[in-house]
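Annotated in TrEMBL:
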COMPBIAS  659-669  compositional bias 'Polar residues'
DISULFID  C3-C30  disulfide bond
DOMAIN    3-118  domain 'CUB'
DOMAIN    120-216  domain 'LCCL'
DOMAIN    223-380  domain 'F5/8 type C'
REGION    658-682  region 'Disordered'
TRANSMEM  443-468  transmembrane segment
Amino acid sequence: DGCGHTVLGPESGTLASINYPRTSPNSTVCEWEIRVKPGQRVQLKFGDFDIDDSDSCHSSYLRVHNGIGPNRTEIGKYCGFGFQMDGLITSKSNEVTVQFMSGIHTSGRGFLAAYSTTDKSDLITCLDNASHFSEPEFNKYCPAGCVIPFADISGTIPHGYRDSSSLCMAGVHAGVVSNTLGGQINVVISKGIPYYESSLANNVTSEVGPLSTSLFTFKTSGCYGTLGMESGVIPDSHITSSSILEWPNQTGQVNIWKPENARLKRIGPPWAAFISDEHQWLQIDLNKEKKITGIITTGSTLAEHYYYVSAYRILYSDDAQKWTVYREPGMDKDKIFQGNTELYQEVRNNFIPPIIARFFRINPVKWHQKIAMKVELLGCQFSIGRAPKITLPPPPQNKNDEKNADFMDDFIHSVKTSLQTDKTTFTPEIKNTTVTPSVTKDVALAAVLVPVLVMVFTTLILILVCAWHWRNRKKKTEGTYDLPYWDRAGWWKGMKQFLPTKSAEHEETPVRYSSSEISHLRPREVPTLLQTESAEYAQPLVGGIVGTLHQRSTFKPEEGKEASYADLDPYNSPIQEVYHAYAEPVPVTGPEYATPIIMDMSSHPSTPLGAPSISTFKAAGNQAPPLVGTCNKLLSRTDSASSAQALYDIPKGQLGPGSANQLLYQVPQSMAHPTGSKDEQN
């Protein structure tokens with residue numbers, strides 16, 4: 001009465017003490033006899049061991065023996081709380097006896113162990129999970145019997161299982177291994193996801209799970225694609241049943257729940273049997289032999305008709321005449337598959353090993369209210385390869401030919417043998433889990449790099465476009481005569497080096513005015529003569545106030561209404577100080593002041609012949625600009641007898657104003673100009 005969870009398979013199995021993982025009752029005993037194929041040996045591995053050792057293994061212990069019966073020999077006797085057993089316990093034959101004895105005790109969970117044949121060197125127990133292994137991918141052998149009530153899993157395929165899930169129990173849920181037989185699993189570890197779904201498959205229910213740092217999936221070489229019920233590849237005529245439910249609704253219309261309605265995820269009513277008993281069936285013709293690895297079922301999916309099948313058998317045939325009931329290897333009973341527990345949820349069951357057949361039948365054995373269901377089959381194509389046609393040589397003519405013929409026969413026999421060793425043409429590898437970590441890294445890297453590169457290039461393009469628009473807008477907002485706000489003079493100096501250079505004569509020679517030439521000309525011709533001389537100032541950007549501005553003058557007229565000669569009449573204008581705004585002088589080694597603006601006053605009736613034109617300079621700062629001109633007396637712009645005047649230095653190298661035909665003027669001196677009478681000025 002001390003035996004707990006026990007599954008003894010032909011090559012592996014699981015055994016546990018009663019009430020594990022809770023404390024086992026006092027004074028109980030259990031004995032397991034394990035047999036494997038002759039010529040093999042048994043290995044035993046403990047997943048958990050916690051047996052009271054207060055009396056030094058006298059009344060509570062676990063004992064392992066070689067052999068079965070009275071001739072068995074003891075391998076070892078074990079007890080202890082939290083006992084850690086390194087390695088495996090290996091038998092000397094194909095038979096082992098495990099004996100558990102529970103005496104008087106108050107604590108201790110008991111034990112859980114797994115066994116297999118010794119050729120399964122990577123054996124694990126049902127309690128191992130992914131967090132126990134550090135490798136990103138590994139192979140392990142799961143024993144039979146790992147669907148245990150005290151373990152749990154979270155997740156499903158193809159998304160993966162939470163890392164806290166039991167590896168072997170998840171393998172059963174995924175359809176990778178059989179709970180009755182056990183088997184090899186290929187586990188891949190990858191990054192966890194925020195949420196793990198719940199599902200029912202192979203009599204294992206996975207629970208909803210929260211976020212985890214990692215998850216695991218399984219790599220398989222099986223085939224798990226749909227075979228055409230949902231997609232319609234299987235025609236309606238190939239779906240038949242034992243009976244059809246027909247019934248009128250409230251309006252008198254007859255509803256027929258035909259077998260072709262039994263397509264998974266098809267909107268509308270399902271297939272339903274007219275009579276609900278164990279003799280009903282739903283049959284699917286696949287048109288040719290297929291490799292069938294699983295089935296998915298649902299109930300009616302109609303809330304007003306709460307019908308579903310909770311258990312069923314599977315039958316298969318090649319001719320639809322002789323039927324075989326599906327059984328697991330080594331079992332002498334028909335396998336009963338768990339069906340639905342409600343009408344909406346999809347429930348999956350896998351066939352290990354797969355079914356090879358053309359005709360497939362579902363035989364319900366349990367149901368809720370009425371037999372009604374929708375179905376999809378999983379699997380892939382299956383075909384038998386044919387050996388290529390071999391052309392034989394002509395019959396031998398002599399002994400040498402006979403030897404050659406013998407050699408040819410041996411060769412043909414070897415070819416046929418090699419061709420017949422594997423008659424199955426396997427389909428390409430179809431994985432029901434996520435891709436391997438290497439592929440996942442490449443896909444993740446591409447998924448990250450492509451958006452980042454697109455964002456970088458988009459940002460660069462936007463920056464260039466914005467800079468171009470800002471530059472154009474800045475050009476539009478700057479005035480015609482204004483330079484940029486930064487270091488106007490310095491900016492012009494920097495730009496001047498990119499302009500065409502002038503000759504050395506213009507750079508070093510100041511402006512010269514010939515008084516002898518001016519005296520022989522009429523007053524209107526004086527400005528024209530001065531204009532022909534070279535000056536070091538730039539041409540204004542627009543038409544100016546006075547038409548006699550030199551070609552390279554940089555004077556900026558006042559804003560507002562354009563002036564004229566009539567407006568600048570010094571005799572008729574009221575008392576009004578009008579000054580012009582000037583641009584900065586061109587920073588060169590030549591003269592530091594602009595060429596005077598020469599105003600022709602010879603046409604005024606009160607102006608004597610030879611009177612000079614008026615020239616104005618804008619002084620630095622807020623001082624009023626002085627008036628400058630030729631050596632003759634300057635006229636004020638107002639009628640007042642006293643005004644600001646500018647004096648010129650004596651021509652360089654001359655005794656007086658008229659002592660030479662050609663005068664060289666120095667730069668005007670910035671000084672305070674006295675006011676006085678006309679006689680004093682003369």
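Just so you know, glycine gets a Cβ as well, placed from its N, Cα and C.
Within the model, the domain 'F5/8 type C' (223-380) carries an average pLDDT of 93. In this structure, the disulfide-bonded residues under consideration are C3, C30, and the one with the smallest number of other Cβ atoms within 10 Å of its Cβ is C3. Taken through DSSP, the domain 'LCCL' (120-216) splits into 11 helix, 38 strand, 48 coil. Secondary structure of the domain 'CUB' (3-118) per DSSP (helix as H, G, I; strand as E, B; remaining residues coil): 0 helix, 61 strand, 55 coil.
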